[in-house]
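So that you can see what the record holds, here are the features copied from Swiss-Prot:
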BINDING   GLU114, ASP115, VAL116, VAL117, THR118, THR119, GLY120, LYS121, SER122  5-phospho-alpha-D-ribose 1-diphosphate binding site
BINDING   THR118, ARG146  orotate binding site
Amino acid sequence: MSNINVIDILKESDALLEGHFLLSSGRHSNRYCQCAKLLQCPQKAEKVISVIAEKLKEVDFNIIVGPAMGGVIVSYELARQTNKPGIFAERKEGVMCIRRGFEIKKGDKVIISEDVVTTGKSSLEVAKVIEEMGGEVVGIACIVDRRAEDVKTNYPIYSACKLEIETYEKDNCELCKKNIPFVKPGSREQK
């Protein structure tokens, strides 16, 4: 399975976009990874997520939790491939929680699943909920690790690929200076 080229599959799925994007951080970029485009193609998603499943073979865990929205399908497919239960966390009145009859038991060893990790904010919110319920987060699994060098999560990251996408403050964005309109992708509210 190690011969899978994740970047090529992201491009084939139209998940790796070029243009002018306003990110949820408020920064601008000329590239954006929209993993939802990959996840609409089950066979391609299966291949990419198999790269993560392979990396998790030596990790001791018994449940996977994906934050809604991006982590839900990843959690399901990763659970299917690793033969572990997969559940999701979601926001209720703006607060991340585990509900719908799902539970984390004391002592559960948890992998948090995501589509893209950029700042780690959603993962860390889910980690807090898991730890409050008595679970232990043993890692974060994601399709794309987009973190900058200075972004730390306190947990090991198991990704299908690492993407370095440059971002810019609005005042330093060459695309803004050229009056190229931006697109607001993603699901999180912009700052």
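Just so you know, glycine gets a Cβ as well, placed from its N, Cα and C.
Recorded features from Swiss-Prot, shown on the structure.
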residue	record	CB count, 10 Å
GLU114	5-phospho-alpha-D-ribose 1-diphosphate binding site	25
VAL116	5-phospho-alpha-D-ribose 1-diphosphate binding site	23
THR118	5-phospho-alpha-D-ribose 1-diphosphate binding site	23
GLY120	5-phospho-alpha-D-ribose 1-diphosphate binding site	21
SER122	5-phospho-alpha-D-ribose 1-diphosphate binding site	26
ARG146	orotate binding site	22
Quick one: what's DSSP say for ARG146 (orotate binding site), helix, strand or coil?
coil
Round to a whole number and give the Cα-to-Cα distance in Å for the pair SER122 (5-phospho-alpha-D-ribose 1-diphosphate binding site) and ARG146 (orotate binding site).
14
Neighbourhood of the 5-phospho-alpha-D-ribose 1-diphosphate site (GLU114, ASP115, VAL116, VAL117, THR118, THR119, GLY120, LYS121, SER122): other residues with Cβ within 8 Å of the Cβ centroid, in order?
GLY70, SER123, CYS142, ARG146, ARG147
Three-state secondary structure, SER122 (5-phospho-alpha-D-ribose 1-diphosphate binding site) (per DSSP):
helix
In whole Å, note down how far the CA of ARG146 (orotate binding site) lies from the CA of THR118 (5-phospho-alpha-D-ribose 1-diphosphate binding site).
5
How far is it from GLY120 (5-phospho-alpha-D-ribose 1-diphosphate binding site) to ARG146 (orotate binding site), counting Cα to Cα, in Å?
10
For ARG146 (orotate binding site) and GLU114 (5-phospho-alpha-D-ribose 1-diphosphate binding site), determine the Cα separation and express it in whole Å.
12
